[in-house]
């Protein structure tokens, strides 16, 4: 073998190694713009990563990608904004008996202070999703945090028994803000984080909302004790409202000054390709109809709505459940809610890391759904045993899986619907959750009033069973994963053919063919 052959074979071997290193995510901060490759959109088969015959003709250059340290700052700011809004959702419900006495209202009226979040979301999600697609994530975050801040300050004037209408209006303004929040985690993760981080980043984004719910369970019973004197009670309520307004204002200022739209250089090949899409190639209406025709995604929309709707109902009615069996335990009701959410935060984070490592979206989602159903059954049948420590344990198990399911749904939806907008798919998931949240909260409340908490919780178990079955029927098609694995597939035989034609490796690179 002559020296030229040795160089050619040596170069071919090194190219094989480089192909794997350059096209498979390795955590590198940057890929050179000069590294071009034959890259294929992969076929649509179920969980297959084999290229389809038609697609093999298409060529894509490897784009420059980079991960910025400030991506974590963006994620922290969003999480803080989401946390503030989630806290204000639950600040009434977890001490519902106190607010019912303060404002002289019934159970349905106090439940609507929570359910207004669900109702507002349904008509506003499509226009807000359009805004997210056309104006970007920064504008949506600024407008949403402004609504959150305005709503919080309106409520500071409602610490009076005659001001229920004003407090409801303030809560309505905060509910508008939540429409600008719930679709952001998966979009933020895709815009700022690499392929091996998106699920973890999405989980952390959801954790902000869960942390707000946790604080909403814990803090109101401490700040607003169940005292008989109405003036003293009004003073405690006012303090809680002013603290909420101060935090919301600080976060609004932070969003305006620091929050950015997207990094200068995309973090992944999928995002690089998305940026190269011409504006006239994307239609918001066409995207909506495409999602509605996507059967696996629509099954996920229903199953996600059933699971999260159950969580919303439990969160809204938790105070009534606990007080029925453990009178005078408002503070422990808040702590039980805190246990549910803290356990769920751990579940969310663990599930996110697991997905980044394994990419087993369907298997993980189905397993967590089944365990949520089992947790709900155990919680339902142990709530009335008379031992609060048992309730804490079973509520923690329930929260670990039921709340841990939230980021799974977001990420699975993005995988099933790529390259459609993450905001659109997340918006439809959340819309389903809000609809089922209203239905389940009203229905379970009526069932509890007539037949008790056990019957109400069994009612939720039936729908969790339906959701589990629907999840099992979802046909998995990991489109985003395939897009990120559009790697160089110039085969050894093609390289050999080029070499036989006398094209040296530098000439091949100069032609932009590799």
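Glycine too: its Cβ is placed from the backbone N, Cα and C atoms.
Heads up, TrEMBL stuff is auto-annotated, nobody curated it.
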When you get a sec, could you say which of 275-294, 335-354, 475-494 is annotated transmembrane segment by TrEMBL?
335-354
On average, what pLDDT score does this prediction assign to the domain 'Major facilitator superfamily (MFS) profile' (73-479)?
87
Can the transmembrane segment (163-186) be said to touch the transmembrane segment (72-90) if we require at least 3 CB pairs below 8 Å and skip pairs under 6 apart in sequence?
yes
What residues in the same chain, six or more past the boundaries of the transmembrane segment (297-315), come closer than 8 Å to it by Cβ-Cβ distance?
90, 93, 114, 118, 213, 291, 321, 337, 340, 369, 372, 376, 398, 402-403, 405-406, 409, 412-413, 416-417, 425, 428-430, 432-437, 439-441, 444, 460, 463-464, 466-468, 470-471, 473-474
Same chain only, please: residues at least 6 beyond the ends of the transmembrane segment (388-408) with a C-beta under 8 Å from a C-beta of the stretch. Say none if there are none.
185, 199, 202-203, 205-206, 209-210, 304, 307-308, 310-311, 314, 322, 326, 329, 332, 335-337, 339-348, 350-352, 355, 361, 364-365, 368-369, 371-372, 375-376, 378-379, 382
